[in-house]
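Asks: Encoded as structure tokens, here's the structure I'll be asking about.
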């Protein structure tokens, strides 16, 4: 098992402890967090710290104790207080990240039973959540703080102004109560095994078929081993090497940590970054500020570097010798004139200065192969010596820097004369770059970036074969089939049913038969005894191919080649051609909206179990649409659907990625989307964008065209919002530019154009009332204090040159339900057993949105039994056939109505029994009904609305109803770096009469934070060869805790009604994503303020996402002029704008 030697493999597949989740596999999400405990013999204490199980080599845990989430409590025994409080605070939606969150908090409490909010923020900094928006997690965990330490990270995030839960008729201004919770009792925690305290230290050697790992007993042993194996890396935390294991692993974990010497602090090479941070904090607390200026700069960097789990594993020595210019410490340590102590068996000890000469290339240093790093000497700061550290990353914390810098200046005593200046940059070249006295900014850019381009490209693509558009002529798996553990190879010819299916006249293939149209398209599959064996064997399959032309990847190229999928859609209101003849001004512009990775923590997965009789097959699958999975598997295998049963217990996130796999008076808009190589759901997504392009505005003359481009990229599929956020975003951009052109506030232009009549018609002629939409808008502006804050922002901008603030508010009208009417249906099965217990099965899929909880509430209300007596069965095609997908914010509407229908049928059957025996209990009624041969099983069905659109005539009732909302956000940008802070957000949402306010607010906050990613952080980057480069959390960043506005105020609109849906409620899953566009437009306002100060116009291009790079370049100034954009065609870009 040494070839698969990471802890998560053993936990999941050997010990069978499945609480520790396997998410990204690279230490970037925190789902696999566990607690490791070691006995520190030097200080006679037990150390507890969190690690990422996916990076922790199991061989290195000799003598350690590992605690997983199963070890601290469970529903079968008793919950730990951490588990109880995150549950009570509604801090778990899909639940996949929850075990990691729990273990991070549990470990913090083991070390510090009375934490501060800053301690909690730091502990959770390495854990990502895609669902909740983080607020409820913090709300639950902050209850462990002392009252004096419990400042509120989200001061009014849980604000529910007199909201009523319809199903309980309970009015409350709190989302949850912590009454009668379990107290934290450290005496009940697991003890460290005493036998591990007495273990003898000795050398260990682990030998596998491809790997040898040796743990030396002491320094002498290490030097001998390094002489014997000079090319073997010395590994401690394994956070850099990860799964790329070489011949020999050397582990060294017992050397010097930190000691103070006369000139500074000497840090052992294997001192973890967490220990280094603690040492620097202690030095800053205990020493005079003048001597610790360098340590303060180092601390500033350490606080943003990685997450807590990584800092607990990674070492300062590993960070330095990894020689990655994106690692932040080297630039600061070099600026401080640090020195390294290195040693070898043959040459003894020598001292090396940490500067640009130490790094000879990307990942390479000047150390000799047989040398090891012993320690790093970090000097104290001297009088008149000043140090600063800088970093800019995709995300403020827990992200590699794009560029980092360490700067130290020494002045002549008592003067402003510079005696020396150290400036080091990382991330602008393959190695650390030192700025010389005569090096100009232009020269720095040319020399540093010129070296960077080819090196970075070589680093990124070394493991890829560029296959975009070719015709296969021969597939030879013979070498792969001869490898150990390989069972067989499957390709198109092995499919027993249909390998190809038609989707709206567009073919989609399971395995490519002749032509491959994108990178990553499946040609065949290797079946092996383990995943690792299958991966290695897949690399040995030989494919002979012939290149085909043309090959193109971008929307612009697709337009040039007129490469579009059918159908092409158009919606129009009014007479656009006539309107353009009479208008005063015509504006023409474009906006680009990037794609978004689903980044669900639980990746795609399926287990198929042949039953052995009549070709029956059971599928345990992570899918939003079990019936579709059943259908496709049946077609592919040539089996009838009645022999295939799909089971879906719950999903660890989905967001549309587990179904199948863009004006003021007149506006003419053409939408283009990059659909990739197959149609998938891109046509439906484009339709939804067109159907939402009016948003909250009655534009008298409005025309929208939608074209899905066919390119040679992997096919795109749905994401939360399904095109709605893109369609809405374009209209808001139109109104923003109209406001700029007319010299009016954007808020004023929005109000002028809003639907205001009691009965209004959308641009596709659907009747609706905007009354509650206008109420949301007015309440949002009022609760946000919009006008007062706008004046305060203007004053702030007047007095700050390089920091600017912006504020923006937008309304929203979002359609709920499927525009394809046949999907608007729901079914359920309810069984009552003789003991009085109730079983509910429905066709929806629980993926964190709370559909099961709401189904329980509905059943409990109608049957008048406690929710504890009701059990929700997994989604199963054998119980509820032909179910529609759980999507379009319509799941609760459809399933809730079906459950209600089934329960009402049962109550009608039970009514005579209840009337004849009014004093019986529920169980007695059920037994009596059974004895009277009354059926205690009922199916429920909901026949939804007959929606549809006549695209030829631009009319139709596309949606069941509309969910309304409004949002106001304030941001602050740094004009020099492009960094931005989300300061405050106020949301007012119309959810009708909420079935469960806590769930609905969780959906609003989670959707909003996902929208922050869409509009400001998350960026898909493709190489010019069509290879997706942003794969995994090290390159692709979703919002973390640090990205959530410190003030996040969510209000549910009071006295709102919706007669169309279950108990007057409204669907809420998708709409909140768009509200985060207020962050984007607030950024644009802040940039405009900076430009006005420099005499530039308010109209400028800014595409989504508004990354630091785009913000910085939009703030044009003398510095951006030093880096002009090269002309198109004169260079090969490292990424393309698809």
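Cβ coordinates come from backbone N, Cα and C, glycine included.
Curation plays no part in TrEMBL annotations; they are all automatic predictions.
Feature table excerpt (TrEMBL):
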- 24, 29, 32, 54: [2Fe-2S] cluster 1 binding site (BINDING)
- 94, 97, 129, 131: [2Fe-2S] cluster 2 binding site (BINDING)
- 234, 235, 236, 237, 238, 239, 240, 241, 328, 373, 391: FAD binding site (BINDING)
- 941: Mo-molybdopterin binding site (BINDING)
- 206-383: domain 'FAD-binding PCMH-type' (DOMAIN)
- 1-25: signal peptide (SIGNAL)
Asks: Run through 24, 29, 236 for me and report the binding-site residues whose CA is within 10 Å of the CA of residue 97 ([2Fe-2S] cluster 2 binding site), in sequence order.
Replies: 29
Asks: Cα distance, residue 29 ([2Fe-2S] cluster 1 binding site) to residue 391 (FAD binding site), nearest Å?
Replies: 21
Asks: Out of 131, 238, 328, 941, the binding-site residues in the record, which is closest to residue 29 ([2Fe-2S] cluster 1 binding site) when you go by Cα distance?
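Replies: Of all the candidates listed, 131 is nearest in space.
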Asks: How many neighbouring Cβ atoms, not counting its own, are there within 10 Å of the Cβ of residue 94 ([2Fe-2S] cluster 2 binding site)?
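Replies: Step by step: centre on the Cβ of residue 94 ([2Fe-2S] cluster 2 binding site), count other Cβ atoms within 10 Å, giving 24.
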Asks: Rounded to a whole angstrom, what is the C-alpha distance between residue 240 (FAD binding site) and residue 32 ([2Fe-2S] cluster 1 binding site)?
Replies: 17
Asks: Among 24, 94, 129, 941, these being the binding-site residues, pick the one whose CA is nearest to that of residue 236 (FAD binding site).
Replies: 24
Asks: With every protein chain in view, how many other Cβ atoms are within 10 Å of the Cβ of residue 234 (FAD binding site)?
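Replies: There are 20 such Cβ atoms around residue 234 (FAD binding site).
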Asks: So among 94, 129, 941, all listed as binding-site residues, which is physically nearest to residue 24 ([2Fe-2S] cluster 1 binding site)? Use the C-alpha atoms.
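Replies: Ranked by Cα distance from residue 24 ([2Fe-2S] cluster 1 binding site), first place goes to 129.
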Asks: To the nearest whole angstrom, what is the C-alpha distance linking the residue listed as 'Mo-molybdopterin binding site' and residue 32 ([2Fe-2S] cluster 1 binding site)?
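Replies: Spelling it out, the Cα of the residue listed as 'Mo-molybdopterin binding site' and the Cα of residue 32 ([2Fe-2S] cluster 1 binding site) are 40 Å apart.
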Asks: What whole-number Å value do you get for the CA-CA distance of residue 238 (FAD binding site) and residue 54 ([2Fe-2S] cluster 1 binding site)?
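Replies: The Cα atom of residue 238 (FAD binding site) is 10 Å away from the Cα atom of residue 54 ([2Fe-2S] cluster 1 binding site).
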Asks: Nearest to residue 131 ([2Fe-2S] cluster 2 binding site) in three-dimensional space, by Cα, is which of the binding-site residues 32, 54, 234, 328?
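Replies: Considering only the listed binding-site residues, the nearest one is 32.
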Asks: Mean pLDDT across the domain 'FAD-binding PCMH-type' (206-383), rounded to an integer, is what?
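Replies: In the predicted model, the domain 'FAD-binding PCMH-type' (206-383) has a mean pLDDT of 85.
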Asks: Roughly how many angstrom lie between the C-alpha atoms of residue 54 ([2Fe-2S] cluster 1 binding site) and residue 94 ([2Fe-2S] cluster 2 binding site)?
Replies: 21
Asks: Rounded to an integer, what is the Cα-Cα distance in Å between residue 32 ([2Fe-2S] cluster 1 binding site) and residue 129 ([2Fe-2S] cluster 2 binding site)?
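Replies: About 13 Å separates the two Cα atoms.
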Asks: Please report the Cα separation of residue 94 ([2Fe-2S] cluster 2 binding site) and residue 328 (FAD binding site) in Å, rounded to an integer.
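Replies: It is 34 Å, counting Cα to Cα.
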